[in-house]
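Engineer: One structure coming up, written as structure tokens, with questions to follow.
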Amino acid sequence: MAGKQKQVAANKAVAPRQQHYEFGGPIGAFAITFGLPVLVHVFNLFCNDISGCPAPSLLHPRSLDLNQLKREIGWPENGVFGLFSWSATLWTLGYYALSLVQYRILPGHHVEGTDLSTGGRLKYKLNAFNSAMCTLAILAAGTIAQGAEFPVWTFISDNFAQIISANILFAFSLAVFVYVRSFQVKPGNKDMRELAAGGATGSLIYDFYIGRELNPRITLPLIGEVDIKEFMEMRPGLLGWIVLNCAFVAKQYRTFGYVTDSILFITAIQAFYVFDGIYMEPAVLTTMDITTDGFGFMLSFGDVVWVPFMYSTQTRYLATHPQQLGALGLIAVGAVLAAGYSIFRLSNSQKNNFRRNPDDPSVKHLTYLQTKTGSRLITSGWWGVARHINYLGDWLQSWPYSLPTGIAGYQILAAGTGAPGAITMLDGREVVQGEARGWGIVFTYFYILYFAVLLIHRDMRDDEKCSKKYGDDWEKYKKLVRWRIVPGIY
């Protein structure tokens with residue numbers, strides 16, 4: 001009997017092929033894989049510090065002149081090749097190497113992940129918070145010594161497009177590496193390697209995008225074993241997001257001679273969001289990203305390109321078009337943040353307390369639906385309001401990232417123009433909103449729209465997963481808790 005059980009567990013290491021597609025299947029995967037890298041560059045080029053946000057020619061599409069647009073967005077003279085540079089690529093790789101060294105030498109907690117379908121648990125070393133603090137301490141020391149002219153800050157500003165390209169290349173290279181290596185996964189392997197159920201469809205582009213192997217690991221000289229997915233999820237991209245924000249704060253100071261409360265507010269609350277996540281690093285081991293999704297281009301690109309370079313759009317915008325919120329403005333956006341954070345934390349805390357001890361005085365009053373699987377689905381309290389009320393809190397927290405940019409949009413005029421209401425740079429150039437007013441919202445408020453789509457998609461995936469897990473009980477539960485995320489709306 002024991003031998004038979006071991007054979008069953010071993011056979012699960014290679015997931016059966018499934019034809020259930022997400023993200024539009026192979027066509028959608030192809031579009032995302034090759035479209036999103038272009039979109040990241042488009043955001044950087046079309047909302048720039050040369051001509052405006054958006055570039056002036058984009059406001060008059062009928063008379064758009066391609067050569068004029070190229071001048072307005074700073075298109076390199078040698079074309080697309082100018083978006084790459086060896087120096088940016090080498091410094092980017094150096095940043096990743098630093099993260100690996102910190103992972104190896106800094107103290108951390110050694111924990112086990114969740115149960116694998118093949119049996120057993122993988123072990124993890126968690127020290128992302130210590131690594132982040134070490135890196136930020138180095139950057140703080142350099143800033144104290146050299147101010148806004150600290151070479152790290154100026155290099156990021158001067159080579160931003162090339163740094164984007166370097167990370168895109170890294171994301172593609174890593175995705176190719178784990179995809180090719182996933183074909184080495186064999187039943188009964190001693191390393192507990194297994195394929196992700198959703199990543200073994202047989203479609204090359206779809207499996208490349210979604211990820212074939214569940215938890216790819218690699219052993220590096222002097223570093224040791226590294227869980228690629230957990231490492232990429234919690235380290236270079238999240239910290240890079242904060243580093244980029246700090247670089248744009250320094251850029252605002254170099255450009256105008258002062259720093260506004262709006263850019264400091266966004267940098268602070270986004271840093272809090274990141275620090276909260278990496279401090280609670282063990283919690284990521286129970287998320288769908290770790291337990292269910294394979295590691296492919298979706299996570300590789302999302303971790304090191306999408307998160308740091310798209311999520312820092314607001315501070316990049318404010319570095320060129322500074323906005324002062326004042327006390328009342330800070331209180332207003334702070335109130336939105338507090339509301340979202342409270343909903344997010346209180347709802348998650350209530351669920352976690354109920355899972356640990358349903359008889360705890362703080363949750364014993366909650367009603368629930370007892371399922372045939374033995375699980376209890378809460379039907380009152382926060383979780384009686386909506387099935388994913390925590391997503392509402394998470395989404396509300398995204399608004400203060402964008403609100404400080406106001407009715408976004410600006411144009412950059414030559415020195416000495418004397419435009420009414422212009423903000424003057426130290427080099428004499430003037431920044432006005434003009435006819436660009438409102439059009440910059442496409443860039444600075446994109447995160448809110450994107451995050452809403454992300455949460456809705458995540459809710460749909462969870463609904464499908466729970467429907468399979470709970471069967472008829474899930475349908476009963478949905479009748480008791482009608483709303484998915486936003487009560488009365490969705």
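Glycine is treated like the rest: Cβ placed from N, Cα and C.
On a predicted model such as this, the values are computed, not experimentally measured, just so you know.
Per TrEMBL, the feature transmembrane segment maps to 21-43, 79-98, 128-148, 160-180, 256-275, 295-313, 325-344, 436-456.
Tell me about the surroundings of these features in the structure.
Structural biologist: Beyond the ends of the transmembrane segment (325-344), by six or more residues, the same chain brings 260-262, 265, 269, 382, 389-390, 392-400, 403-404 to within a C-beta distance below 8 angstroms of the stretch.
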Engineer: Name the range, of those listed as 21-43, 128-148, 160-180, 295-313, 436-456, that has the largest tally of Cβ pairs under 8 Å with the transmembrane segment (79-98).
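Structural biologist: Comparing 21-43, 128-148, 160-180, 295-313, 436-456: 160-180 has the most Cβ pairs near the transmembrane segment (79-98).
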Engineer: Please report, as numbers and ranges, the same-chain residues at least 6 past the borders of the transmembrane segment (160-180) whose CB is under 8 Å from any CB of it.
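Structural biologist: Long-range Cβ neighbours of the transmembrane segment (160-180): 37, 40-41, 44-45, 83-85, 87-89, 91-93, 96, 207-208, 211-213, 216, 228, 232, 295-297, 300-301, 303-305, 308-309.
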Engineer: Cβ under 8 Å to the transmembrane segment (295-313), counting only same-chain residues 6 or more beyond its ends: which ones?
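Structural biologist: Distal contacts: 23, 32-33, 36-37, 40, 43-44, 47, 164, 167-168, 170-172, 174-175, 178-179, 199, 207-216, 228-229, 232-233, 236-238, 240-241, 243-245, 248, 270, 289, 401, 443-444, 446-447, 450.
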